[in-house]
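Heads up, the thing below is written out as structure tokens.
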Amino acid sequence: MNRDSYFDNYRGFLILLVVIGHYIGAFIYKNHLMEFLVITIYGFHMPAFAFISAYFSKRNNLLKLVRTLLIPYFVFQIIYFIFLYVIGRDSNLELLEPYFTLWFMLSLFCWRLLIDKIIKIKGILAISYVVAVLAGYVTVIGAFGAIGRTITYLPFFILGYTFNKEKFLKFADKKFVKIGSGILLAIILVVVYFNCDHIDFDVLIMKYSYEKSHLLHWGWLYRSLIYIGSTFLIYLIAVVIPRKKHWFTYLGQRTMSIYLMHGIIYKFLQYQTNLYHTINTVIEMLLILLFAILLTFILSLKPFDILIRKISSIPFEKLFTWY
């Protein structure tokens, strides 16, 4: 299989942000630098992941989707439950209420399963945005089946599905576009740094209803602005992402092992150690950030990648064979 170094670089960058975001997320209200980093990361990394994932969803086979997404999801859902049960934090296994990061696996399965059908609907991108904005008024969706997030991030998936890489790069490779994008990114980072105190994290991640976020009347406007901002950042960063293969490109080729396994380690540190209760200084927080970067590269090593591939190759079809 021929790899696309450009998208591998983008995915590698995003998975690095995912791990960093989770490991320093607990410090969001302890230090301004950490707050800035967390707000910046969560402002676009999962929308961008939905966008990039869609680009590689042109050929969807149900059997393959079950193997690569549902089987790993159920395996790690059970692993999470066993861990949480042993330490006394959960006593009921709910297979369709994803733990921690696993929601993306269910959402990606649904998106890939439906995209070939819904993409034929005229104006589906606009419709998906409207539905996602209106979904914020619904208070009963909850975490079941990751339905809420599946709806919320669907516009980014549709946008990525229709993305034309060749046309985009033809425009993005122009010198003035690269320079302009770099300047715009720098300006955005400066603005966010000096204003992140005014950005509500719970609103930014679009996980909760407007009522729960205390934005019953203006929630639609805030969410609309988040969609516009995240979309702009996705394309802006797409301009500056390296096109050629580099030493870090392989991270984007092994995102699954990193994504699935870093969460278990984080939950262990969160629940079974005092690490996050004892860290207060900027130096200590930066050390956790460096640990997250190191962990990302460790989990990208071949043994972990092979393990996930083994899980994905479990012959689940035999469970449905009648003799």
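Every residue gets a Cβ built from N, Cα and C, even glycine.
Lifted from TrEMBL, the feature list:
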DOMAIN    5-300  domain 'Acyltransferase 3'
TRANSMEM  12-30  transmembrane segment
TRANSMEM  36-56  transmembrane segment
TRANSMEM  68-87  transmembrane segment
TRANSMEM  99-115  transmembrane segment
TRANSMEM  122-140  transmembrane segment
TRANSMEM  146-164  transmembrane segment
TRANSMEM  176-194  transmembrane segment
TRANSMEM  220-241  transmembrane segment
TRANSMEM  248-269  transmembrane segment
TRANSMEM  281-301  transmembrane segment
Handout entry: Contact between the transmembrane segment (220-241) and the transmembrane segment (146-164) (3 or more Cβ pairs under 8 Å, separation 6+)
Key = yes
Fill in the blank from the handout: Near the transmembrane segment (68-87) in space but 6 or more residues beyond its ends, with Cβ under 8 Å, are 93, 95, 98-100, 102, 105-106, 108-109, 112, 256, 260, 263-264, 267-268, 271-272, 308, 311-312, 314, 316
Problem - Positions whose Cβ lies under 8 angstroms from the transmembrane segment (36-56), at least six residues beyond its ends - result: 7, 10-11, 14, 17-18, 20-21, 24-25, 27-28, 104, 107-108, 111, 115, 153-154, 156-161, 163, 165, 189, 192-193, 196, 199, 201, 204-205, 226, 229-231, 233-234, 237, 289
Practice task
Check the domain 'Acyltransferase 3' (5-300) for me and report the mean pLDDT.
Solution key: 92
